[in-house]
């Protein structure tokens, strides 16, 4: 976060676009309290939470964009299902985007583009991920047999197809958090990068422990104000993340490598856990936000989605951005000081909105003027955005 300055990044003649507010459900470890829900349930809760937080009339929203990575086949356009469930009009269009871990970043970028182009004044963007129940398919041979059975017209044809089934056909296809083109998981990539750049196991454990300790401090101090309470059907009200677990270096050192064995350095302790959660933000033109009586939290400035993402930001921003390759790593006291995905959790498509909302809240709390959000994504992609505090 940079110190306050009178210099703004506003571009003359270009419409100012603002973040009015943002919320998220508690991020929970997969297989816990959310286990019996569906993705659109979490997305609906985030949308309803945003409506409650802002008092926004549903008919004031021009468009809804939502991100997701692991799709539930019954609700492939989860944006639409969640929007209808949250009470938005069926006349408000909604579509779903997927871009790995920057899916809700792309949803926000789409929202900014719609507003900048003059097509919309108010767009809700968000993301949801639900790892408690992911699609598990029959093998391809079994699927082909089942489809043929559905088309078979005679008993003989059906019996012939049933007789062709072998035990190996029954083996399911399990989903993997891996790239299709390389078949490599993020854990393997992280291990390779750590080795290539000389990042030790000790350094990774220290960074993870820092994340958990800072997240715990932020949670206890009430700084994670974007988290809304959510009544899980048949269960209690959930009001905070459940993956924050401060430990000790000694305990973390006991864990074995999770991916490249036995010499890898990435473990369950220094990795983010599989997470369920959803987020939502309200993005508007500044003119529309002020006309409706809102006090925006931040301006959304330049963004790019090409790796290396930070280097692609406009030259005019270089005084606010520390380029790692030129001036080294940013001061750690400015980096994820309220915890990060290692501790808060990383529901793939929901994290982007959490990052932007957190930056806006940190700028308000710390009196800063500029913040930088940067994230990478599978496929060698990335996203970066400069957030400018709205004058208080």
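Glycine is no exception: its Cβ is also placed from the backbone N, Cα and C atoms.
Please treat TrEMBL annotations as automatic predictions, because they have not gone through curation.
If you check TrEMBL, you get these features:
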type     : residues : note
DOMAIN   : 17-287   : domain 'Thiolase N-terminal'
ACT_SITE : 101      : active site, acyl-thioester intermediate
DOMAIN   : 331-388  : domain 'Thiolase C-terminal'
ACT_SITE : 346      : active site, proton acceptor
ACT_SITE : 376      : active site, proton acceptor
Check your understanding: Looking at the active-site residues 346, 376, which one has the fewest other Cβ atoms within 10 Å of its own Cβ?
Key -> 376
Review point. Averaged over the whole of the domain 'Thiolase N-terminal' (17-287), what is the pLDDT?
Key: 96
